[in-house]
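Asks: Have a look at this one.
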Protein chains: 2
Amino acid sequence: MSVRDPVPAMSAALKGAQIYFGPFLVTSQVKYPPIPHRKIISLTVHKVFHLTPLSFALVNLKPILPGHVLVSSRRRVPRVADLTAAETSDLFLTVQRVGRMVERVYGASSLNIAVQDGPEAGQSVAHVHAHIIPRKRADLDHRGGIDAVYHLLDGEEGDLRRAFGEGKEGERRPRAKFPAVDNEGRSPRSMEEMEAEAEMLAREMERMEREIVG
Amino acid sequence: MSVRDPVPAMSAALKGAQIYFGPFLVTSQVKYPPIPHRKIISLTVHKVFHLTPLSFALVNLKPILPGHVLVSSRRRVPRVADLTAAETSDLFLTVQRVGRMVERVYGASSLNIAVQDGPEAGQSVAHVHAHIIPRKRADLDHRGGIDAVYHLLDGEEGDLRRAFGEGKEGERRPRAKFPAVDNEGRSPRSMEEMEAEAEMLAREMERMEREIVG
């Protein structure tokens, strides 16, 4: 196969990167491996699993469905219109690549791709980001059908913000009220679970890109 | 201002173009102006209002909210993963430009941008397309809140397909069932209304691009 994407991934740069999603640091120095008497290597796979020159991809605290991830611009701007042409291209080429990968890894057959571009569209973290949600046949029939994903998406947005920062930054954005969503059944994932998924997805992205280049 | 977009718009090419959205022809030769004894000029502003080398934008039969439009790839492929890097960039740069324009023209302050990428994600026309829906504060409070747009989106998708082609092509795609949506209140727009909107949006796109280049 030939190289399709003009912007190469820089997975190696994940180590040591400090990436912010809105006001929230989504990389962190974790000690790995946790083995005594062995050189400690710092990994920064806390939530971010893929990095390009202008974009990054991160896992979710409360995924709506398995493989639900976000792709965000590295520059912290609130609106799609604030992105340069290069940033816009890179963001959606990253959405395309990451979407292909999570669809395969999670055994899905479709994707919901959604950008809440501004507070009146449901955006809660003022930093451009696209949701990618792998879909399978009848995967939400028990929650109300195919479009239940959007109810859950809006619930997730709220959860995401609360999980990252409520009470920490004092930055609050007014957000329109909407009907109560079935969030009670979803409990936040552990740090270990999120890191394990982020590591797995980072490996899958590198593998896929080796295949594309090779 | 400087030129931000690498792919220039080709609004002039709208005249005479034959554009398909899935199996449906969305441009048509209409006679304009309707004045006797005057040279008849063919315009193709039926539903398409903007054209780039790789993408096009079209108005909706039943917009969920004022300014709800679609941006689609000119090549008829079903999935985002089927697009080349150049097509992906062009599609979302067009989404960015068209979104900026409809937000301004319709006096909105946010945008919902959504791609139903595959049938399990709610896609009904097997041709990559992004929905752009201008949002204002409290615009859907009477319909159930901010996320009511997604219920309406899935309804719209079904309506769009029915409006364009039910019973004409015999091409049907299985589509997951979902709860009944309040579509009864939305009646299809007249051809004249759609053409008038497409013409207005084509002018606005040209004006905006002159401003960006100039």
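Keep in mind that glycine also has a Cβ here, set from the backbone N, Cα and C atoms.
So TrEMBL lists these for the protein:
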| type | residues | note |
| --- | --- | --- |
| DOMAIN | A:31-142 | domain 'HIT' |
| MOTIF | A:127-131 | motif 'Histidine triad motif' |
| ACT_SITE | A:HIS129 | active site, tele-AMP-histidine intermediate |
| SITE | A:TYR150 | site 'Important for induction of apoptosis' |
| COMPBIAS | A:164-173 | compositional bias 'Basic and acidic residues' |
| REGION | A:164-198 | region 'Disordered' |
| COMPBIAS | A:183-192 | compositional bias 'Basic and acidic residues' |
Asks: How long is the line from the C-alpha of A:TYR150 (site 'Important for induction of apoptosis') to the C-alpha of A:HIS129 (active site, tele-AMP-histidine intermediate), rounded to the nearest angstrom?
Replies: 15
Asks: Give me the non-local Cβ neighbours of the residue listed as 'active site, tele-AMP-histidine intermediate': same chain, 6+ apart in sequence, Cβ-Cβ under 8 Å, ordered along the sequence.
Replies: A:PHE21, A:LEU70, A:VAL71, A:SER72, A:SER73, A:VAL115
Asks: Please classify the secondary structure at A:TYR150 (site 'Important for induction of apoptosis') using three-state DSSP.
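Replies: Note: A:TYR150 (site 'Important for induction of apoptosis') is helical by DSSP.
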Asks: In the domain 'HIT' (A:31-142), how many residues does DSSP put in helix, strand and coil?
Replies: 29 helix, 34 strand, 49 coil
